[in-house]
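For reference, the structure is listed below as structure tokens.
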Amino acid sequence: MSTFPAPVLGTPLSPTATRVMLLGAGELGKEVVIALQRLGVEVIAVDRYADAPGHQVAHRAHVVSMTDPQALRQVIEQERPHVVVPEIEAIATDLLVALEDEGAVRVTPTARAAHLTMNREGIHRLAAETLGLPTSPYRFVDTEQALREAIDGGIGYPCVIKPVMSSSGKGQSIIRSADDIAAAWRYAQEGGRVGAGRVIVEGFIEFDYEITLLTVRARGADGQIVTQFCEPIGHRQVDGDYVESWQPHPMSPAALQRSREIALAVTGDLGGLGIFGVELFVAGDQVWFSEVSPRPHDTGMVTLISQVQNEFELHARALLGLPVDTRLRQPGASSVIYGGVEARGVAFEGVAQALAEPGTDIRLFGKPESFAKRRMGVGLAVADDVDQARAKAARVSQAVRVRAGA
């Protein structure tokens, strides 16, 4: 096993500074910035739009098209970070691989992990074909006709279609019959992160529930890399986007063990240091791999209130080579606060009411612009059990009202 010298952290804005650059400064990136700031790290946040949540708390902020390799290289060379942390998928990952190969920068967890997980084809082929992990049956297709042939050739109905590059459920839909194919194809072409293109069609698995298993690769006190697991997180999605999550989700011992084995296999192959959000389907004691994100996961926002160290603190500590603590503090839940209006500079009402109940908290992300279904915040709650925590978190999010500013 590899060894590693004890980490030394510097002073921000000084010659000794430990510099970390985040590529992506949304609500998840913002929490990573805060976690790094608490450890005395100098943080540079990059996003495609001004005043992103992470921009508001970083030492320096840049507005850059992160899919433009020339622009991305320029900002990295300008800031000279010790570590680059991809916080979204829409990045010129070929450049990150090249820079890491050159020894110019360290990418967390690795540039290869960022590259493979930026589209569903890379990670599905790794999981199913290289590692032999159980997945839903799938095919990759480039035309509507090829989609029809894939479904008729064995995928069957119902099935799920997704762009190979998309996030938050964009472009994703269920095809229940041949009558749905044309509309589903158009929706997938509109929802892809880089426009029209390749899609994945997956056979439907009759699962009981799906979980996110936050998996952390970090160095122990002896410097060796060890893999640790948070308690499983259950979540509910609408149109492919998470609306609530809770921890822990009850599982059979056999299903939990199999989930950990799958997560260990895929994160071990991706390598590096940091947290991974491993998404799994579960039916009884059977477990199937779904997806993995080599970064904090949106469903993991429940850990802001449920764990000793939340997922953002775990990621920050791990990428710096520090030991981590994945223990659950108390059963908890999160519930999304949606914008509900289309406006800039919105105001939030009902915050005092939302926080009046003991064991609750909120995060307001500070996004400069609201849309009807844009996540603008999250309600958080802990309780004696998950069901009580879910009910409390829902009351928190429902109490907060978003209105257009004056």
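Each residue, glycine too, has its Cβ placed from N, Cα and C.
For the N(1)-(5-phospho-beta-D-ribosyl)glycinamide site, Swiss-Prot records Glu27, Leu28, Glu87, Lys367, Arg374, Arg375, and the single candidate of Asp142, Asp152, Asp298 listed with them is Asp298. Counting in whole angstrom, Glu210 (ATP binding site) lies 7 from Glu279 (Mg(2+) binding site) by their C-alpha atoms.
Residue pair Lys367 (N(1)-(5-phospho-beta-D-ribosyl)glycinamide binding site) / Phe204 (ATP binding site) shows a Cα separation of 35 Å. Arg374 (N(1)-(5-phospho-beta-D-ribosyl)glycinamide binding site) counts 19 other C-beta atoms within 10 Å of its own C-beta, drawing on all protein chains shown. The binding-site residues near Glu291 (Mg(2+) binding site), taking a 10 angstroms Cα-Cα threshold over the set Glu27, Arg120, Arg375, are Arg120. The Cβ neighbour count for Glu87 (N(1)-(5-phospho-beta-D-ribosyl)glycinamide binding site), using a 10 Å radius over every protein chain in view, is 26. Mapped onto three states, the DSSP output places Gly171 (ATP binding site) in coil. Counting other C-beta atoms within 10 Å of each candidate's C-beta, the binding-site residues Glu27, Glu202, Glu210, Glu279 are led by Glu27.
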